[in-house]
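*Asks:* Straight from TrEMBL, here's the annotation block:
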DOMAIN    51-142  domain 'PPIase FKBP-type'
DOMAIN    142-177  domain 'EF-hand'
DOMAIN    186-219  domain 'EF-hand'
SIGNAL    1-23  signal peptide
Amino acid sequence: MHFSCKCVLFLQALSLFSSFMQGQKLEEGVDEVKIEVLHLPENCSSKSKKGDLLNAHYDGYLANGTKFYCSRTQNKGHPKWFVLGVGQVIKGLDIAMMGMCSGEKRKVTIPPSLAYGKEGSAQGLIPPDATLIFEIELYAVTKGPRSIETFKQIDVDNDKKLSKTEINHYLKKEFEKDDKPRDQSYHNSVLEDIFKKNDHDGDGFISSKEYNVYQHDEL
């Protein structure tokens, strides 16, 4: 086969591959999270990334404007704490809150495939194939509780497992950072929830293995 013929075949194959990739990008583009920044603080010392512990309020709406969720009505109005990028919120929110600054506000639109899909929500509040809109206000970005550094920081007695006393002490320090008053009942409920989701063998401690198991949570 002559060189010119080989070259033509190569260019044709390259053209087909390019068309295929463009088609793939168009398909993937349908399932994107749309982000609108409503407020950006002047100072942003660090941006949120996977594994960070975030403290935020957010309201959730259907495309027709119906509100189905408001974090301000949960936990006596306290902002929600969760680890970013590990499935503790729906996938679209994990994506939407990447790269946020403390004090930033966003309005995000999440397609069904990155929310509750064809099934909708188990509680019946979100219908099948629903596009969701969230208004988010981020209060704090801190190093995630699942990092090796944080485990060592919490594990004061260095016994490779975390007691309720150790985690209780860590939570108090974290709650003090955002200067928002919290009563002891809220603090206790967070502590109990942590052990309910992570102390799988029920021995009253969270081992290093249990510490690295991320649990799915609602919204």
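Even glycines carry a Cβ here, placed using N, Cα and C.
Please treat TrEMBL annotations as automatic predictions, because they have not gone through curation.
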*Asks:* For the domain 'EF-hand' (186-219), report the average pLDDT of the model, please.
*Replies:* 75
*Asks:* Please list the DSSP helix, strand and coil residue counts for the domain 'PPIase FKBP-type' (51-142).
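*Replies:* Across the domain 'PPIase FKBP-type' (51-142), the residues distribute as 15 helix, 36 strand, 41 coil.
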